[in-house]
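Visitor: TrEMBL lists B:Glu257 with the feature active site, proton donor/acceptor. The Zn(2+) binding site feature in TrEMBL is assigned to B:His256, B:His260, B:Glu286.
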2 protein chains.
Amino acid sequence: MPAYDDLMAFQRTTEALGQVAGRTGWDQETVMPRGSAPQRAEEMAALEEVLHARRTDPRLGDWLDEAHAPDAAGDANLRELRRSYHRNLKVPANLASELARVTSLAQGHWASARAAEDTAAFLPVLAEVVRLRREEGAALAVGTNMDAYDALMQDYEPGGNAADMATMFDAMRPRLLAIRERALAAEEAPTLSGHFPQANQMALSREIATAFGYDFTRGRLDLAVHPFSSGSGLDVRITTRVDEDDPFNCIYSAIHEVGHATYEQGVDATHLLTPIGRGVSMGVHESQSRSYENQMGRSEAYCGWLYGRMRDVFGDIGVGSERDFYRAVNAVGSGFIRTEADEVNYNLHIMLRFDLERSLILGEMEVGDLETAWNDRFLSDFGVAVDVPSNGFMQDVHWSVGLMGYFPTYSLGNLFAGCLMAAARRDIPDLDTDLARGDPSAATGWMRKNLQQFGALRPPREAIEHATGEALSAEPLLTYLEAKFGDLYP
Amino acid sequence: MPAYDDLMAFQRTTEALGQVAGRTGWDQETVMPRGSAPQRAEEMAALEEVLHARRTDPRLGDWLDEAHAPDAAGDANLRELRRSYHRNLKVPANLASELARVTSLAQGHWASARAAEDTAAFLPVLAEVVRLRREEGAALAVGTNMDAYDALMQDYEPGGNAADMATMFDAMRPRLLAIRERALAAEEAPTLSGHFPQANQMALSREIATAFGYDFTRGRLDLAVHPFSSGSGLDVRITTRVDEDDPFNCIYSAIHEVGHATYEQGVDATHLLTPIGRGVSMGVHESQSRSYENQMGRSEAYCGWLYGRMRDVFGDIGVGSERDFYRAVNAVGSGFIRTEADEVNYNLHIMLRFDLERSLILGEMEVGDLETAWNDRFLSDFGVAVDVPSNGFMQDVHWSVGLMGYFPTYSLGNLFAGCLMAAARRDIPDLDTDLARGDPSAATGWMRKNLQQFGALRPPREAIEHATGEALSAEPLLTYLEAKFGDLYP
């Protein structure tokens, strides 16, 4: 067999095992009995051992040297495999396994330290994670012109770099601050009230997920502590969570995860279990979840429909008009928690994390200085003093599991979503009429046709530019936010 | 490190991967979306490829040559590993992965063909499964004095063989027929009537499962088309099914699976993720499910308690006394379905399957002749003509997933259960007093102490003889059945 075919046959098994590992993670978060945890840790380690051995198998190097791709999809498969193979070769095996061991333990330490507001218990653990990730970043940077932070970022956003991020953030910051200033000076938005039974929230979330194009014959919706989407191809599962006093938590988490999941479900079937048979980057993934959740789900047109539907399901919900419901959905506040932030504040949270984690990885700051740096920056950016670490630097799991370089992809996703939805609205003039009927299918169909079906065929930025036919720019996102929140907070 | 320690470290990872494969099977039967089946087949094949490579890794041969066991558990681990290693070496890797792929798909074909009563759709699939299992049986028989059927049986019942089975069946058949003849000539047993809501059936099943010793912190109870128990060690899951007109289906399936699951949960924790850290054979496994379901769950004492509890839960259930309830639970009929058969007819169903599947594997019969052979035999053995394939040869999933050689272990399990419960009753004179209070814990504790805790420390027959202190015999089972049904049908 030609080297390319041997390579792809070998890789298909690896991809299938990767899907099993992902689903084992899904099981752990949704249905696993609590007493199974110690055995599950050994099962996950066993799967990781097998996957690591396959991803660094010396035959991959030979095949990659000799392989000739039969077509453009083949070129893209080789591009993805080369990047992953050379990446994994650069990280010494003992560093990789030390990272796996330390980060898996650190997550538990983070959870209990956060619950106890115990900074002192968390810092030594975080210092160890930072030390190992600095080392990994340095190893990955060898032979490139990247610094350690940019090298780490490649795992989440191939082609991304901190300089571009900083330029993007510099362009966004003053305009976001101007919107926020006006919003915080204005009358407070209305809030929902009432009781929202779990069964009704889940039934409504299923109805909405289906309308947004989620295919339940190849997926399922369950409850988990933290909402997530898991899997590629023919088995892509999502979770949400329920607060019986706040239905938005469940519904908007579901729409968000449907954005991720339909990206995976939308990839052309010919790419199943190949390296390009999945979303191309975290940023492009987030462009889908943000387009679905925010640009469509929180639009005035869709909120008009959702208001009526929620009154059908829940009765009186404490707000008296479509407009007030729309204002409630898009209330701009000044909370501590990133995951609860509105569209305006969200990117300001990310800028804070981006600057701090980059300083940590580049050795410009030590872990011991992190809490003070966070609190100073939060006061200066948000005008509020952090009260407890769980509202401050200990709020996210990300750093404890070593995900430095990941945060900026959330803002990149918002930026991509701005470009994509501007193009979708250009091509679908009646989109708001559809959304006002609760029907996002024209836009989700547009996403599938112009972006989702290609999986990782094109690198992230190219994928967005191919879909929109325009050069990448922060302008569509900012124009959208200024128009939307200028109307909401005139 | 000494060879034994190297071997056990390597094997621990294999055992952990085996647990993942088992749970992937659980997922497929309980929560997997329908449209995921084609990808799941590739995932199962990938796991099977990895497991097969590990189970035939040449290093195993070297370690097994050099290893010295530190204790009796170590001896047993080496015994199990040698059997599995030499078995797996005989099966070519491509045959193993082909079997995994084909049987995973065949299960879906079986389910839809059975639902549609579509023999023609099922036969080509079954023919492929039979072809592959014949090939596997032939490969396994090389270098032994076994035929292909006995060779396949070793996977389920090490040390078992068709000749012993035939002897056992010959001893049982006339005495079972005599019981049945008297029962069918007698007055018909009463039947339950009423509506039995799913939620109440599941709640009662959970209550009963807990009383029978099932640990929900290391397991869970879900719905599936075909009830089963899955997993070893710290994650052992069971399923049942619900018919809202017939609560016995759910409750007795649950008790049955609890028998299997408590065997796995009861193995001493020091054997976790080692070759002996699980039930030793399907026959011994079935001894537990049959002891729990039939010998305890359908005893007159336990039925007395269950009658009262069911009236608490469901109100009027259409029978007016403990004795009538006991008669309803143990009604001897002449139904088509093995899994619904009473204790007398059950073994006659197994005899039919044993003869037919042995003929299929030995090439004495082809798949195209199976339906006629089944129907002829059923008419002759049970006096009833099969009406539709789902009441005939398509009723069980077993053959579609290639489990030829498995059926006889069900009858062996009944025989083992007869021996075990005779010994348990000898050691616990007040057992019926406990059961009449709904408390089987003295007997389940006896099983844990005398059998379950040892896992696969001893070979099947030795394990039973060690637990009972008596030589293995069909006599306790037959004596028990004659006494019980002699009283029910005097």
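Using N, Cα and C of the backbone, Cβ positions are placed for all residues, glycine too.
Just so you know, TrEMBL annotations are computer predictions that nobody has curated.
Owing to the predicted nature of the structure, the values given are computational and were not obtained by experimental measurement.
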Visitor: Which ones, of the recorded positions B:His256, B:Glu257, B:His260, B:Glu286, are Cβ-proximal to chain A (under 8 Å)?
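Guide: Going by the Cβ criterion (under 8 Å to chain A), the recorded positions yield none at all.
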Visitor: Once B:His256, B:His260, B:Glu286 are set aside, which residues in the chain still have Cβ within 8 Å of the Cβ centroid of the Zn(2+) site?
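Guide: The answer, listed by sequence position, is B:Ser229, B:Glu257, B:Gly259, B:His285, B:Gln288, B:Ser289, B:Arg290, B:Tyr292, B:Glu293, B:Gly413.
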Visitor: As a test of the contact definition, list every same-chain residue at least 6 positions from B:Glu286 (Zn(2+) binding site) whose Cβ is closer than 8 Å to its Cβ.
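Guide: For B:Glu286 (Zn(2+) binding site), the qualifying residues are B:His260, B:Thr409, B:Tyr410, B:Leu412, B:Gly413, B:Asn414, B:Phe416, B:Ala417.
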Visitor: Using a 10 Å radius around its CB, how many other CB atoms surround B:Glu257 (active site, proton donor/acceptor)?
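Guide: Around B:Glu257 (active site, proton donor/acceptor), other Cβ atoms within 10 Å: 28.
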Visitor: Which residues in the same chain, at least 6 apart in sequence, have a Cβ under 8 Å from the Cβ of B:His256 (Zn(2+) binding site)?
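Guide: Listed in sequence order: B:Pro227, B:Ser289, B:Arg290, B:Tyr292, B:Glu293.
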Visitor: Over all shown protein chains, what is the count of other CB atoms within 10 A of the CB belonging to B:His260 (Zn(2+) binding site)?
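Guide: Taking every protein chain into account, the count is 25.
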